[in-house]
Each structure stands twice: as C-alpha cells, then as structure tokens.
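Novice: Pasting a structure below so you can have a look.
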C-alpha cells in the first residue's frame, strides 16, 4: 500500500510539472525584463551596439531582423529554432520555402559572438533574436519601441516540414489569418497591429505576381487592388517576374507612421494579406482609426504590447532546452 501511494504521488507530481511547463509555454511565465542583470549585466548593451553598427551599414536589416523574430515565434515558439542549420536527419526551418528569403543570421551570430566573449554560455540565442528585432526597429524608425522580457532558452529541433502549417502566407484571406493568429494565442487586434510591421520592409515582384496577373487563374488582377496602383506596379513587375523589390509602405518604409494603414484603406496595400484587413469589422475599424492620424492614433503603443505578447509564444524556460554556444548548432 505504501509503495502504491508513493507511485501515485510521483505520478501526480509529474502531472503538475507537465501542467506548469505547458502554462509557461503558453503564457511566457519565467520571462522578465532584466533577466541577465546579474549573470551578464552588459548583455543588452553589447547587443544594442552590435545591432546599431549593422543597421548603420544596411537599414534594410531592421525589417529583416523583425521578420526573423516573427518567423521564429510562429514555428515552435520563440526558441531560436529558425536559426538552426539542417542536420543529416533533414532540412531545418530556414530551408523551408517561406523562409528562403530570411536574412540577418550573420547579425545574430555577431551579437552572440560578442556576448560570449563577455559571459560565455549565459545568454540564449532566442533572447538575442528578440532583443535584435526590438533594437533594430527602434534604431531605424526612431519611434517604435517595446520592452523585451528575457529568460528564454534555445530549442533543439528545427524542421522545414513544420513551416507551412504554422506561418501565415502573404495570400491568406482574413479567415485564414485570424485562424493562424488565434492558434498562437493572438487576437484579431494583434493581427491588425502586427501587420503594421509592414510600415518597414519590402516584397518582391514574385510575391505579388499572381495578384497582378492571375488572381483567380483567369489572367486577371485582384479587383480589391486600386486600378491605378495596379497599373503602376505592372510597369515594373512583369508577368512571371521575380524582381524588382517594392516597399511595403510606399515612400515611408524607414519610419513608423500611419502611412501603411492609409494605403490599406485606399486599397493600395501591396499584399493580399494586407488588403484582407478590410474584410473584418474589427480589423477594418482599426485600419480606419489609425489612418486618420499622421503617426497612427495608438499604433506605437499597440505595436509594443502585441510584440511583447508575441515574444511569449511557446518559450522554453528554466531547465527546458539549452543555451547554445553557436546559434546555428545544437550543443
């Protein structure tokens, strides 16, 4: 009887630990600002200096690093699986079709290398990626800023086959977008707010080609796209073309303002997923509200809150995962 009670007790403890672990992954428990204040007090300063140096040489890296963080969090959570290289078992996330255009891996490696010299084996690649996205965007735009909670640990698995089921496609309609974000614990407001990240960044002719030339498979143009804007795009983006690259926020891609939402409201959003924001009452109302103000009525504050929320998706903390020595390789 005593043995049976002990077995039951151990089983219950295991259930509790599993429940707590699951709670942590969903809610980001275990993260906090200033996590490295004692173990590596210069970590965030080193990251900031390294990021600013990189952005000074190439301003397009801000959008690239933000996208890298987003793509990491939406597949397996914010645990740096997007940084891992392929193994003999198969392709990694970075090898998936939607991730082939990701950039900024070298910048993350530079930050990691610099921090490792100061305090080896302490700061995770997942935290470096989260800090890099914030610092890069803030440095480029001069406006967008959010608190970055730290304390994440790095995952050990990265599979290219998991990409399509987790990342939103640029041709998603509003129903697909809402379902995708909801699966990550994000709301419709998070969806429309995080779409505002398109205030910086770009998309290639290849990405919008179908929208311009074969929207329904009948050699037609998306009727939701402003005809004048479509004509302008067609002058540069030819059928079947890959280049050139277009600013997602035409003429305003290096600052944080309401121009993206104004463009969407005027049916001049570049991507199908941008235009889809007008197909839901709540997301459409947000687009209209932000587009009425030069800087976006509440966009900066809202964006910070949604980024903090996104940064908690699927995190590994405590004894989960590891602290990688090199971000592209499991220890």
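One is the number of the first residue shown, and numbering goes on along the chain from there.
Every residue gets a Cβ built from N, Cα and C, even glycine.
Worth saying up front: this structure is predicted, and the values here are computed from it rather than measured.
What TrEMBL lists as active site, proton acceptor is 71. Under the heading Ca(2+) 1 binding site, TrEMBL lists 72, 75, 77, 81, 93. The substrate binding site annotation in TrEMBL covers 168. As annotated by TrEMBL, heme b binding site applies to 198. Feature annotation from TrEMBL assigns Ca(2+) 2 binding site to 199, 249, 257. The disulfide bond annotation in TrEMBL covers 40-119, 73-78, 125-327, 205-237. Residues annotated as domain 'Plant heme peroxidase family profile' in TrEMBL: 30-331. Under the heading site 'Transition state stabilizer', TrEMBL lists 67.
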Novice: So if I measure Cβ to Cβ from residue 168 (substrate binding site) and keep only same-chain residues at least 6 apart in sequence, which ones fall under 8 Å?
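Specialist: Sequence-distant Cβ neighbours: 74, 176, 177, 180, 181, 273.
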Novice: For the C-alpha pair, I'd like the distance in angstrom between residue 327 (disulfide bond) and residue 72 (Ca(2+) 1 binding site), rounded off.
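Specialist: About 13 Å separates the two Cα atoms.
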Novice: Only counting partners 6 or more residues apart, tell me which same-chain residues put their Cβ under 8 Å from the Cβ of residue 249 (Ca(2+) 2 binding site).
Specialist: 198, 199, 200, 201, 259, 260, 263
Novice: Averaged over the domain 'Plant heme peroxidase family profile' (30-331), what pLDDT does the predicted model reach?
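Specialist: The answer is 95, the mean pLDDT of the model over that range.
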Novice: If I take the Cα of residue 119 (disulfide bond) as reference, which of the recorded positions 71, 75, 77 has the closest Cα?
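Specialist: Result: the closest of the recorded positions to residue 119 (disulfide bond) is 77.
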Novice: Given residue 205 (disulfide bond) and residue 72 (Ca(2+) 1 binding site), what distance in Å do their CA atoms have, once rounded to a whole number?
Specialist: 25
Novice: Which of the recorded positions 67, 71, 78, 125 has its Cα closest in space to the Cα of residue 93 (Ca(2+) 1 binding site)?
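Specialist: Out of the listed candidates, the nearest Cα belongs to 71.
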Novice: Anything within 10 Å of residue 81 (Ca(2+) 1 binding site)? Look among the recorded positions 40, 67, 73, 237, comparing CA atoms, and list what you find.
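Specialist: Checking Cα-Cα distances against residue 81 (Ca(2+) 1 binding site), the recorded positions within 10 Å turn out to be 73.
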Novice: Rounded to an integer, what is the Cα-Cα distance in Å between residue 73 (disulfide bond) and residue 67 (site 'Transition state stabilizer')?
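Specialist: With distance taken Cα to Cα, residue 67 (site 'Transition state stabilizer') is 10 Å from residue 73 (disulfide bond).
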